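First the structure, in the form of structure tokens, and then the observations on it.
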Amino acid sequence: MILILLGPPGAGKGTQAKLLSTELGIPHISTGDMFRDHKARGTEIGKQVQAIMDGGGLVTDDITNAMVKERLSRPDVAPGFILDGYPRTVVQAEYLDGLLRSLGRSIGRALSYEVAEELVVERISGRRSCPRCGAVYHVSQNPPRRAGYCDRDDAELVQREDDKPENVRKRMQEYGTKTEPLKRYYRDRGELTEVEGVGTPEGILAATKKVLGR
């Protein structure tokens with residue numbers, strides 16, 4: 001089974017991808033993991049990605065597509081895989097379709113996790129992280145024992161610039177602009193299923209398995 005996970009920032013795609021990977025016994029492939037893997041291995045792609053990111057640029061479709069092609073050539077994807085963070089655009093989706101066709105494969109389902117904007121803002125803007133050890137908390141869902149301070153090393157917690165409400169709303173707007181055409185692409189092909197992204201991770205997993213007939 002080949003699954004594509006879509007959803008706004010804070011929708012819990014990564015959590016669901018990990019849970020589904022365990023449930024279905026297929027690898028979870030994320031763009032972030034691929035970037036880190038190539039950088040760690042010192043590949044040519046990894047060097048290109050590092051140079052672009054050091055310069056504050058965006059990784060091009062060509063580089064991202066090349067990473068996906070390399071990853072899908074590995075034997076562990078034979079029973080299927082879960083893509084998280086790719087494709088992000090219709091151009092990438094068309095490339096992926098062509099790549100899968102060349103491998104004699106096709107997408108099983110594109111799952112779109114639907115979460116209201118205000119809930120996304122609440123989820124993300126409530127995050128706090130420790131600048132010393134990297135631990136992440138949430139002011140209401142996973143608060144530290146002492147408000148504002150890390151449980152591990154007592155460092156004062158900080159809110160990332162990206163996690164401030166105004167910036168979360170900006171990211172949501174960008175997500176809508178880029179992803180609505182992608183959702184339409186998969187909907188027109190009869191491959192899109194929307195899943196309510198509100199609830200516990202286990203509850204959302206149960207809803208996901210239901211739409212997959214599992």
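Using the three backbone atoms N, Cα and C, a Cβ is placed for every residue, glycine included.
Quick look at what Swiss-Prot annotates:
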type    : residues                                                     : note
BINDING : G10, A11, G12, K13, G14, T15, R127, V136, Y137, G199         : ATP binding site
REGION  : 30-59                                                        : region 'NMP'
BINDING : T31, R36, G57, L58, V59, G85, Y86, P87, R88, Q92, R160, R171 : AMP binding site
REGION  : 126-163                                                      : region 'LID'
BINDING : C130, C133, C150, D153                                       : Zn(2+) binding site
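G14 (ATP binding site) has a Cβ environment of 16 other Cβ atoms inside 10 Å. In the three-state DSSP scheme, R127 (ATP binding site) is classed as strand. Here the candidates are the binding-site residues G57, Y86, C150, and by Cα distance the one nearest G14 (ATP binding site) turns out to be Y86. Counting only residues at least six positions away in the same chain, the Cβ atoms of Y113, V115, G197, P201, I204 sit under 8 Å from the Cβ of G12 (ATP binding site). Closest in space to V59 (AMP binding site), of the binding-site residues given as G10, C130, C150, D153, is G10, taking the CA atom of each residue. Residues of the region 'NMP' (30-59) grouped by DSSP class, helix first, strand second and coil last, total 22 helix, 1 strand, 7 coil.
The average pLDDT computed for the region 'LID' (126-163) is 94.
Recorded residues R160 (AMP binding site) and C133 (Zn(2+) binding site) have their alpha carbons 15 Å apart, per Cα-Cα distance. A gap of 30 Å separates the Cα atoms of C130 (Zn(2+) binding site) and R88 (AMP binding site).
Taking every pair among T31, R36, G57, L58, V59, G85, Y86, P87, R88, Q92, R160, R171, the residues recorded as binding AMP, the greatest CA to CA distance is 29 Å. Residues within less than 8 Å, Cβ to Cβ, of R127 (ATP binding site) and separated from it by at least 6 positions along the same chain comprise V136, Y137, H138, Q159, R160, D163. The binding-site residues under consideration are C130, C133. Their Cβ neighbour counts within 10 Å are lowest for C133. Using a 10 Å radius centred on the Cβ of Y137 (ATP binding site) and all shown protein chains, the other Cβ atoms total 21.
Highlighted in sequence order, P131, R132, G134, A135, D151, R152, D154, A155 have their Cβ within 8 Å of the centre of the Cβ atoms of C130, C133, C150, D153, the residues recorded for Zn(2+), and are not part of that set.
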